[in-house]
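Colleague: Take a look at what TrEMBL says about it:
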- C160: active site, proton donor (ACT_SITE)
- G275, C276, A277, D281, K291, P307, D308, I309, I310, F326, K340, K344: CTP binding site (BINDING)
- 8-176: domain 'Flavoprotein' (DOMAIN)
- 189-397: domain 'DNA/pantothenate metabolism flavoprotein C-terminal' (DOMAIN)
- 193-409: region 'Phosphopantothenate--cysteine ligase' (REGION)
Amino acid sequence: MDNYLQQKRILVGITGGIAAYKTIELIRLLRKQDAEVRVVLTEAAAHFVSPLTLQAISGNAVSQSLFDPQAELAMGHIELAKWADALIIAPATADFLARLNLGLASDLLTTLCLATKAPIFIAPAMNQQMYAQSVVQQHLASLRQRGINIIGPNSGEQACGDVGAGRMSEPAEIFAALSASFVTAKPLLGLKVAITAGPTQEAIDPVRYISNYSSGKMGYAIAEAFAKQGAIVTLISGPVNLTPPQDVNVIKVTTAQQMWEQSMSAAVTHQIFIGCAAVADYRVADIAPQKIKKSGDEITLKLVKNPDIIADVGHLTAQRPFTVGFAAETQDVENYAKDKLVRKRLDLICANDVSIAGQGFSSDHNALQLFWADGNVSLPLTDKQHLAEQLVNLIINLYQKTNHNDEKN
Ligand code: PMT
């Protein structure tokens, strides 16, 4: 395995959470790769892990205060901020996230975060109820927008006995994310990925249409995440109000029929096809050539079925791409999703429960349950950019295990 961390200078910040004990293992992993590690503890963190242990494991004195003349003599806080190639704060508590987001410099760690030019990584850890609070999510979204890398959190049983999202990512996961950040090569260079996004609009007459609440945010975030890793991305987009991501080829469509045509030709030239669009299942049988005038108390529109794009891609017999569908459900999410996985002949389905407020259609956030032939995983509620990054990693993992490594031009 390539060692991207050798001689990299990693500043590990620890804030006051029960997960702090896991950070000892993270430091051990970093040191094993010959990374240089310096540790900064907040006042609260010192209640959970001892500076002496951290000093022994990191091989360097631990810094705890802005106002420690001894520590400043060894390496002043500005020097420390300049020294680091990367900062990782693990665990990052709700309090720390809030202070970081506000740009406070109320202790050594927040001051370092303001004073450094190095990339900052944070691994949040807190009770699931705290993590679900909209104010915490807002801080995370705003930090992410400022370019701060957020790792996790995971879902599961918590130290307090609760179950849910908020567990700090495992040291090996944090280590992998840090290591990957030093890889300069784009791992998906040349891989061709087609993605549908947004709604379709099905005309009723020249001034009215049938559509849905899809904003395109989820599909655009997936396109961006693939493009960042070097993939060649074609985004087949219904009408949305979004700026296309950089380095993505956008094909604009309006109706399901147009989306089907573009998708079928992209499917055979791309290695991965992802159907994230909310395609109208039906269209109006006879579009009125003129505006329909108000008349009578009722009006009947005859609807006919649209083609099922993702099912047609999934059932291709030649040049079939690795096919990923979405399922937007309001009930019985798992069963409906698994049914679509089989019926539409997909390699992976990403199910979202769109009945829950604050996620799914139009929201900046989402949570997904992923199902494939012999596995499943849940990606907890987070902003769509972060969710897309996690999803892309999983898709690539599954794709590499299949025989889809065919050449496509
Ligand atoms: O766009 P956002 O506001 O960010 O919201 C994201 C989202 C909720 C739209 C997205 O996460 C999502 O769930 N997309 C799929 C929505 C949907 O139409 O789900 P479905 O369960 O009705 O369809 C299942 C699958 O079949 C989907 O992959 C869909 O793209 C595809 N389909 C459906 C009908 C059709 N005629 N052709 C299709 O290809």
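Cβ atoms are placed via backbone N, Cα and C, with glycine included.
Just so you know, TrEMBL annotations never went through curation; they're auto-generated.
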Colleague: Record lists G275, C276, A277, D281, K291, P307, D308, I309, I310, F326, K340, K344 as binding CTP; longest Cα-Cα distance in Å?
Modeller: 37
Colleague: Using a 10 Å cut-off on CB atoms, tell me which of the binding-site residues A277, I310 is the least crowded.
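Modeller: The binding-site residues A277, I310 were compared, and I310 has the fewest Cβ atoms within 10 Å.
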Colleague: Give me the CA-CA distance between K291 (CTP binding site) and C160 (active site, proton donor), in Å, as a whole number.
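Modeller: So the Cα of C160 (active site, proton donor) lies 61 Å away from that of K291 (CTP binding site).
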Colleague: Please report the number of other Cβ atoms within 10 Å of the Cβ of K291 (CTP binding site).
Modeller: 11
Colleague: Using the structure shown, find which entry in C160, G275, D308, K340 (the recorded positions) has the sparsest Cβ neighbourhood within 10 Å.
Modeller: C160
Colleague: Between A277 (CTP binding site) and the residue listed as 'active site, proton donor', find the distance joining the two CA atoms and give it rounded to the nearest Å.
Modeller: 39
